[in-house]
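Comments concern the structure below.
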Amino acid sequence: MNRIMHKSKIHRATVTEANLNYVGSITIDEDLMDAADVLENEKIQVVNNNNGARFETYVIPGPRGSGVICLNGAAARLVQPGDKVILITYGIYDDAEARQHRPTVIFLDDQNRIIADARREKAGETAPTGEA
């Protein structure tokens, strides 16, 4: 049996741009992609904390160190610059792998800089926000 498991998460990213006229996808700073174990063209779920929208797209790399989180194409209608989003990828694992798997989770501040990372989330924990 295979299981679909949470593979990685970029928590509380700040949307920097929304580009309706681009072909599609989400642009993510390549440094953040590396830290969260997200690959170019990987399917990703976007959860908008501001309006509750949940949708899927694929990832394209943005300039390293830029902090860019840009929703492109039709997805640009579901976010506004400044919105807080959670970006989640999933993997398919056999039962033994799934039982050993620990996702990669990074937490960002308001400028999309990494402030913490984790390998396991616990119910009831409040994530670091990076807000003063």
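Note: Cβ is positioned from N, Cα and C throughout, glycine not excepted.
The following features are taken from Swiss-Prot:
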type	residues	note
ACT_SITE	Ser25	active site, schiff-base intermediate with substrate
MOD_RES	Ser25	pyruvic acid (Ser)
BINDING	Thr57, Gly73, Ala74, Ala75	substrate binding site
ACT_SITE	Tyr58	active site, proton donor
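Counting only same-chain residues at least 6 apart in sequence, those with a Cβ under 8 Å from the Cβ of the residue listed as 'active site, proton donor' are Gly24, Ser25, Ile26, Asn41, Glu42, Lys43, Ile44. The substrate site is set by Thr57, Gly73, Ala74, Ala75; from the centre of their CB atoms, other residues of the chain with a CB within 8 Å are Gly24, Ser25, Ile26, Phe55, Leu71, Asn72, Ala76, Arg77, Leu78. Take the CB of Ala74 (substrate binding site) and look out to 10 A: across all protein chains shown you find 12 other CB atoms.
Ala75 (substrate binding site) is surrounded by 22 other CB atoms, counting those within 10 A of its CB over all protein chains shown. Around the Cβ of Gly73 (substrate binding site), 16 further Cβ atoms fall within 10 Å across all displayed protein chains. Among the record's substrate binders, Thr57, Gly73, Ala74, Ala75, no two C-alpha atoms are more than 10 Å apart, and one pair sits at exactly that spread.
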